[in-house]
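Below you'll find the structure, written out as structure tokens, and then a few comments.
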Amino acid sequence: MKAKESNYDPNIHRLPWYGGWVLLALVALCGTVSYWSFFYLPPALTAADLAQQPLAFNGARAWDTLTHLDALGPKTTGSRANEVRAVEVLEREFSLINASHHPAQQVLYEKQIVSGQYGINFFGSQMTSVYRRVQNLIVKLVGAEDRHALMLNCHFDSVASSPGASDDCGSCAVMLEILRVLSRTPERNRHSIVFLFNGAEETPLQASHGFITGHRWAREVRAFLNLESAGSGGKELLFQSGPQHPWLIEAYSRAVRHPFGQAIGEEIFQSGLIPSDTDFRIFRDFGHVPGLDFAHIFNGYRYHTRYDSVQFLSPAVLQRTGDNILSMVRLLANGNQLANRDDGQSEGSMVFFDFLGLFFISYTAIEGTVLNIVVSIAGLLVGCWSVLAVVGWSNWRSMGREMLHGFVATLVGSGAGIGLNLATAYGMDRIVDRSMSWYSSCWLVVGMYCVPVMMLLFIAHREFHRLFSKSKTVLSLTLTVQARIVGVFLFWALLTIGATVYGLRSAYVIAIMLTLALFSMTLTALLKLQSFPGGYWLIIYLLVHSVALLWTTQFYHIFTNIFIPITGRSGANDNPDLIIGIVAAACTIFTTSFLVPLVNLLRKPYRTIGTLFVLFLAALALGTVSSFGFPYTGPGSSPSDAPKVQRILVQHTVRQFYEPNSTQTVRSADAGYLFRLWDRHNERTVRDVLEKQSPGKGASALEPTELPECKREVFCGMPGSAIRFTSLWSPQSNRPNTPDMVKLSLDRWEVVRRNANGSSIKLTISLNGSFQSTILVRPRHNVRLTGWNLTPEVPVKLAAAGHKAYFLLITHGLAGEPVPLILDLETDRQSDTVEPLVDISVTSNFWEYHEHFTEEFSRFVASFPSWAHVVPSVTVVNVYTF
């Protein structure tokens, strides 16, 4: 009993009230440091450094190449800028490299003009991708053995209205500089290196398919490095690997100078949460080649806009990427990994991550499973032992009760925080109509969605302490708080074990935090500092947890820098505040939960809680009634004033419906503007502009599914771009200028078989015109498509808005011959019946067509606000029935 009295601490307030502000400041400080680490880039080498470092990657020289590509402007596949001028720029660089290479090196160049087709599921939509005469520019640096090759890939095409400086001309400039440096080395690499500059990635992913399935050098490739961008500048993130080839991650760990890679990025990307894809998928699925996927992810506001230009980049971006990739290339091109790739020893997934770019850690998924479970169990045992070693093991019930209080308080606080964020998100969207108020002012996310979660965590722990703490207990206040911290550990340990059992490698994110907590508890127990006098345990706890804060806050920066810009192109149907509110809540709980039990050491804890409440109200006020809450910003007066724009896709469309069995006689036609709704506020902007242009037009704009012809025409007679996305249709009297288009001609109608049960009919069709197009094929009732000439098997129909049809995407690079389409149809009807068998909709897209815009359409495009990024185009829809 004497031991109990000596451990009892009657004073329940041990720290001054402003200690809570110190905790908040600590979180802010560590968050600032981790934020700074993301955007720090080493300075680029300049032309003056060439003499001293002739075989080092030179960012200034790569930058010069990038400026030439950027000056070409948008480079859509099929445009002169992409197929002629970009090719000329790259071939000129190849010629200069070939003229200056070391005599010991052999540099080979080939231009591949390739056609093909394949089936692919693209963001949940099944389609057949057809490409004709797209271009690949391929350079091979021949190795001493020349049997196995490492491939580097970039793409030089871009989307409409974007020069594509980061996506992906910057990567091509990096590859050219790596080629230039390696070609001047006096000794050959052991293995060959293939540099693939592909000209049709945005179409999507077509030129890479043409190379990996059709070029002779592709058979030599044993691994690849894919250089991409989903943002504009910053560090390149290693976010996909393998699959099942851990030696690539091990090579990255050994080679890179500035690591930045997280295995959680791989699982998030492959889950489909991010609306992007890369050539990595083609090389993996069609070439069965392992590789690493790199992308610049920050500043996603500029991704696929006219602001993805050199104005908003710097040579330092290229220097950092070039240093890392050049190191990887040298290691792999001269090691044993490529030659030994097929030895059967390369199976298994890896857990990998960096810590603020300072160092890189990787281990196998099996090792990760063991580590996660061991750390979870060991932390609980050490935490209990640390407390019970002071009060005696016979008091395990008191320890268990306080640990349970910490667990339940964390669970309740987390649930309440997520619930409040969901309510706030609903209110911002539906009540005050200010969703996305944080889109430009990202710091509002902290006040609106992070601060209230932390506040409720504080309240939950404080109220559990007030309501359930006994006046007489064997545990002193400090030991009670430590027991509550073990309860927090239990909360995260259960999540870690659950994620591990489920097979998620990303459980390492929590396991590293638990490892640091385990280290802190072990150190405190070994030094016997559990008691509060002198405050040594708290000092050690905060020092160790500062490292944990650096680890945890970086994920807040990663997730918000990825998901906030994505809400500007994720569609109009979902409330983006719900997404950001959940992300912010999860990151806040993850970051602060181990600090929250310390609230019970404060004399006046509700002063800290009140401070958080005031910050929450201030953020809500700024987000709802001030200019800070307006989502978008236009270009500023300097490059540092980076715009954060609203995306507007408008297609000046003419629709032509042909008489049955005719490809010449039009039975009806109309015109209009088709708008793809990219974000929550697109519809409002579009209606406002339509209303200003022509009063009443804004009100007359409607969803395509509301059109009367939607009941009979395939996908409402809309362009292919309207199928998978929410759209708005505004009828117009002015028709676009359309001198050319893809035209369909029926070459042959052949009855293959006829019997009492029905008929088999073969339709042979030609698609004439070398433009980007989409084709929809809809067999009528009791008609089945049993085969065609594009793929060995007939794919699954694309289903949307109550319609189903076979979806084809056809891209032409260089102009070529007509595309044949042969359809094998089975019908239960006799072939001599007059009922139609199939509907075919042909959409022609003219993405770079500004010189042919009508004056009225040009004025309309120019009438959008400066904070809107408008992508205008001309579209022709021809609907046929046979």
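Backbone N, Cα and C define each Cβ position, glycine as well.
All annotation found in TrEMBL is predicted automatically rather than curated by experts.
Marked as domain 'Peptidase M28' by TrEMBL: 136-328.
According to TrEMBL, the feature domain 'Endoplasmic reticulum metallopeptidase 1/1-A TM' maps to 431-621.
TrEMBL lists 643-880 with the feature domain 'Endoplasmic reticulum metallopeptidase 1-like C-terminal'.
Taken from TrEMBL, the feature transmembrane segment covers 20-41 (among others).
The transmembrane segment annotation in TrEMBL covers 372-394 (among others).
With a cut-off of 8 Å between Cβ atoms, the residues of this chain six or more beyond the transmembrane segment (406-426) that come close are 435, 448-449, 452-461, 463-464, 483-488, 490-491, 575, 577-578, 580-582, 584-586, 588-589, 593, 596-597, 620. As annotated by TrEMBL, transmembrane segment applies to 406-426 (among others).
Per TrEMBL, transmembrane segment is recorded for 438-460 (among others). Counting same-chain residues at least six beyond the ends of the transmembrane segment (438-460), those with a Cβ under 8 angstroms from any Cβ of the stretch are 20, 409-410, 412-414, 416-418, 420-421, 424-425, 428, 556, 560, 564, 567-568, 580-581, 584-585, 587-589, 592-593, 596, 599, 605, 608-609, 612-613, 615-616, 618-620, 622-623, 628-633, 644.
Taken from TrEMBL, the feature transmembrane segment covers 481-502 (among others).
Look at TrEMBL and you will find 508-529 (among others) tagged as transmembrane segment.
According to TrEMBL, the feature transmembrane segment maps to 536-558 (among others).
The transmembrane segment annotation in TrEMBL covers 578-602 (among others).
As annotated by TrEMBL, transmembrane segment applies to 609-630 (among others). Proximity of distant same-chain residues to the transmembrane segment (609-630), defined by a Cβ-Cβ separation under 8 Å and at least 6 residues beyond the stretch ends, is recorded for 20-21, 24, 424, 428, 432, 434, 437-438, 440-441, 444, 446-448, 451-452, 454-455, 458-459, 462, 599.
The listed stretches are 20-41, 372-394, 508-529, 578-602; of these, 508-529 has the most Cβ pairs under 8 Å to the transmembrane segment (536-558). Touching of the transmembrane segment (578-602) and the transmembrane segment (372-394) is ruled out by the presence of fewer than three CB pairs under 8 A, sequence neighbours closer than 6 excluded. Confidence annotation: the domain 'Endoplasmic reticulum metallopeptidase 1-like C-terminal' (643-880) carries a mean pLDDT of 90 in the model.
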